[in-house]
Amino acid sequence: MAKKMLPAAANELLSALLHTGTTSPGRPPRAARSSPSVVHRCAPPAARLAGAGTTLVVDVDGALLLPRRSLFFAYFMLVALEAGSFLRGLALLLLYPAIALLGALGGRDLAVRAMAAVAFCGLRVGTFRAGRAVLPRWLLEDVAAEALEAARRAGDPARVVWASAMPRVMVEPFLREYLQVPAVAAVAAREMKMVWGFYTGLMEYREATSSSVLRKNAAAGGGDDDVVGFSAGGSMAEFLRSPLASICKELYVASPEEHSKWRRLPRRDYPNPLVFHDGRLAFLPTPLGAVAMFMWLPLGAVLSVARLAVAMALPYRYATALLAATGQSWRLRGALPPDSRGASGQLYACNHRTLIDPVYVSIALDRQVRAVSYSLSRVSDMLSPIGRTVHLARDRARDGAAMARLLGRGDSVVVCPEGTTCREPYLLRFSPLFAELGGERGVVPVALAVENSMFYGTTASGWKGVDPFYYLSNPRMCYTVEFLGRVDTAAVGEGKAASTDVANRVQRLIAAVLGYECTMLTRKDKYLMLVGNDGAVAALPPRRQVR
């Protein structure tokens, strides 16, 4: 009864969004209305969208994202690899020629359904986080600045409907969290069917997901509600076959030439900055990229073991020269700090990019250092070429005493005050504990930057024991190390300065050198977003805490 009270256009939009690609059991498919009466070869102007009763339907795949022939394959491959396994990704790659043929003969929707079946079938619903932790990093890189600006011209953001052929779990987190699509705005995308807590690989629409939102939109528009579509030339044919297009009064379509000239949304213009993301792949797995990766994997696995053996068996000066010939290089910017050998030792504070940050500090200094860490897998600890890592317990007094003993006996100590790695050009909040331990020698800030070509050597949700092997299996990677001027911390010990002020100063110095941005985010924020927990790890036995 409530649905009959809605304006006719809103009723049709609701039905189209809820039943696109599906037919209710025992009921024939809805008869489609004619195509839009007017098609404009441009993006929708602000004046057309300013009306109170206008609803804008944005084709996410065709207009918002930049044109890419293998657009859907790359995103589904990320799901298959990051949420599944290399075997699942290989299956999708081998089936892609048949899927592409299916899409050419039967339309984009069939190809999307086939890729969704391969990528999702059998994945556990409760642990699926690729849509929130992995895909936004790549989707943001494909956002067209002109398309996003056009969508923002809508007078009421709540009356913008974001339509995608991809499953909701792949696109909605990106739209809500990074493009700041409000909760009252509708996202028209299909749901993945679930059985006993697992995805079946089949897609469906569920009325409860968007009906209440669209009814609010229709009520706000009164009886003069009209619908305007926004797509791009390369996807116009697919959009016109959709019931969404059948209820649009007007359709604005950017020509293929115009669409190809649209620019990527600059990082500085992201509505919500991308600070954290997860996943192993450091590149977008297009079909050719995926073929190259699978061809490289056997050689990369052997090379990672060989590189590790060289690093552990040879002195730094010989190992680094040999490793550089295999593509694993490093460079030193600026000068080395004065020798820190002595009774009080020297403390180095660096930003945290990968688990082997202390190794490259040690290589640059050409001497052994002691690394301290809150969490490190036993495998990584045993394979460390600089000796066993001192494990901290997140107990301020206990951790401070452990680090003070190391410094007191003359050891050079490397600490990463962020407490966790960050891949993007941001620095997390620096824990101030290190500023209380510098003593008369102070703290030497170290700026680190790392370049990966194929794999990330860190993970928030995966098995951390294979982190070093992922990093060492890259075809090419490079570390950049830069030592900054010593920061005096004596005033902290004398009670004349706050340790937090010194920690913030060190953070700003490193950020200025690297061109990064300082944040107050912490390890807990990262793990809550990417994994759904606070990132706490069980403490090791006391005998391993202090060495």
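In case you wondered, yes, glycine gets a Cβ from its N, Cα and C as well.
Residue ranges 72-98, 99-125 are listed, and TrEMBL annotates 72-98 among them as transmembrane segment. Taking Cβ pairs closer than 8 Å, the transmembrane segment (72-98) reaches residues 61, 108, 111-112, 114-116, 118-120, 122-123, 128-130, 134-135, 138-139, 165-166, 170, 278-281, 284-287, 289-291, 294, 297 in its own chain, all 6 or more past its ends. Over the domain 'Phospholipid/glycerol acyltransferase' (346-451), the average per-residue pLDDT in this prediction is 83.
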